[in-house]
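**Student:** Input: one structure, supplied below.
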Amino acid sequence: MLDIQLFRKDIDAVAQRLATRGYQLDVAAFQALEAERKQLQTQTEELQARRNSLSKQIGMLKGKGEDASAVMAEVGGIGDTLKASAARLDEIQAHLAELMLAIPNLPHESVPVGNDETQNVEVRRVGEPRQFDFAVRDHVDVGDKLGLDFDTAVKVTGSRFSMLRGGLARMNRALVQLMLDTHTQEHGYTEMYVPYMVNAASMRGTGQLPKFEEDLFKVPRKVGSEDGERIENFYLIPTAEVPLTNIVRDAIVAGEKLPLRFVAHTPCFRSEAGSYGKDTRGMIRQHQFDKVELVQVVPAAQSFEALEQLTGHAEAILKKLELPFRTIVLCTGDMGFGSTKTYDLEVWIPAQNTYREISSCSNMGDFQARRMQARMRAGQGKPELVHTLNGSGLAVGRTLVAILENYQNADGSVTVPAALQPYMGGITRLEPEM
């Protein structure tokens with residue numbers, strides 16, 4: 001959530017920055033609410049001052065034994081007016097808060113201006129795509145003989161789910177272990193095990209609610225109380241960013257404890273609303289997928305340096321696996337709702353002859369921290385908002401896809417990347433099932 005003072009100081013400048021990311025701010029509606037808020041606040045303050053003055057008069061009149069009934073009647077009338085004004089002011093404040101929750105973050109000045117993904121800017125490219133001397137197969141065809149099973153997953157659950165068997169399941173586990181070991185032992189992250197369901201307050205804190213509710217899987221439950229039963233919703237996490245970032249919700253962290261670096265491996269659950277017809281074949285876009293997530297909580301002055309570091313931490317996994325990739329900076333029109341700057345890592349997918357996203361690394365600035373009231377205190381100073389960052393380190397399923405395609409052999413086998421072999425008991429090749 002943005003600081004409402006930015007809107008009060010120069011709403012036109014804010015509107016212009018938001019327009020670069022395709023968001024049209026209703027300036028007139030905001031200004032109308034602000035004008036009424038100011039008028040009500042002024043009226044309330046004047047009425048309170050008048051009531052206080054009259055209350056003193058009542059005391060003086062009674063002290064002299066004089067009739068104070070007329071003044072008391074006026075105080076009663078002021079009380080009724082104040083009550084109505086306070087109720088209307090609460091309505092306006094709630095409406096403003098609702099508006100603020102729906103407004104995306106402001107893009108950082110270093111972010112290229114653009115309308116969509118075609119205007120993202122490549123920052124660097126690492127590794128050269130392999131030149132095959134046989135017809136390249138996609139990961140579905142390669143995996144079919146190695147234990148990648150969509151049919152059974154459809155029978156058990158439905159579309160956009162998959163099952164892994166044997167060596168392929170072991171490789172999936174090995175990838176998770178490699179990622180966690182790298183981030184904890186080399187990059188200084190603390191491994192966390194987190195709930196896979198969170199409450200609505202956590203989803204609001206990181207920005208999934210209220211805007212993206214249709215993308216979430218909701219788990220309603222009945223909660224009993226003295227007033228009877230009510231329905232309370234849990235949500236399956238779309239990313240471990242949600243529980244990890246909410247660790248600091250409603251907290252004041254001592255400045256000397258920052259930065260905080262958390263890493264977690266979790267399944268992620270997404271309804272993929274609005275994705276009908278996209279990536280229907282294979283593991284690229286699923287309702288459930290594994291991901292190793294990186295989250296950092298840092299002082300404001302360090303967040304953009306931290307973004308470069310976090311992006312490098314995600315890149316390190318691709319380098320260890322020797323997978324060709326490129327890093328791009330997203331333009332204003334392609335950034336996520338809460339981000340002020342984002343780098344995407346895209347891995348080479350031979351069967352598609354293109355790079356596909358495998359990690360998104362974002363600096364959220366104080367956008368999430370303001371929603372969560374996540375603050376730090378340096379020494380004896382006043383509490384101030386922290387900055388939060390997150391990134392995939394990496395999406396496990398898409399990493400598996402990249403290995404199946406980039407390391408495939410003409411005989412249907414897949415070479416195990418050298419970095420994974422210690423996690424797979426020295427196995428160097430996955431052979432097709434007979």
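Cβ from N, Cα, C; glycine included.
Annotation source Swiss-Prot lists L-serine binding site at Thr239, Ala240, Glu241, Glu293, Ser392, citing sequence analysis. Residues or ranges marked as ATP binding site in Swiss-Prot: Arg270, Ser271, Glu272, Glu357, Ile358, Ser359, Ser360.
In the displayed structure, how are the listed features positioned relative to their neighbours?
**Tutor:** Sequence-distant neighbours of Ala240 (L-serine binding site) (same chain, six or more apart, CB under 8 Å from its CB) are Met192, Val194, Ala264, His265, Thr266, Cys268, Lys291, Glu293, Val295, listed in sequence order.
In the three-state DSSP reading, Glu272 (ATP binding site) counts as coil.
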**Student:** Could you check which of these binding-site residues, Thr239, Glu241, Ser392, sit within 10 Å of Ile358 (ATP binding site), going Cα to Cα?
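**Tutor:** For Ile358 (ATP binding site), the binding-site residues whose Cα atoms are within 10 Å come to Ser392.
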**Student:** Of Glu241, Ser271, Ile358, Ser392, which of the binding-site residues has the most Cβ neighbours inside 10 Å?
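**Tutor:** That would be Glu241, with the most Cβ atoms nearby.
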**Student:** Would you count the other C-beta atoms found within 10 angstroms of the C-beta of Ser360 (ATP binding site) for me?
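**Tutor:** Ser360 (ATP binding site): 21 neighbouring Cβ atoms within 10 Å.
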**Student:** I need the CA-to-CA distance for Ser360 (ATP binding site) versus Ser392 (L-serine binding site), whole Å please.
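**Tutor:** That separation, Cα to Cα, works out to 6 Å.
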**Student:** Between the Cα atoms of Glu357 (ATP binding site) and Ser392 (L-serine binding site), what distance do you get, rounded to the nearest Å?
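**Tutor:** About 10 Å separate the Cα atoms of these two residues.
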**Student:** Starting from the Cβ of Glu357 (ATP binding site), draw a 10 Å sphere and report how many other Cβ atoms land inside it.
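**Tutor:** For Glu357 (ATP binding site), the 10 Å Cβ neighbour count is 15.
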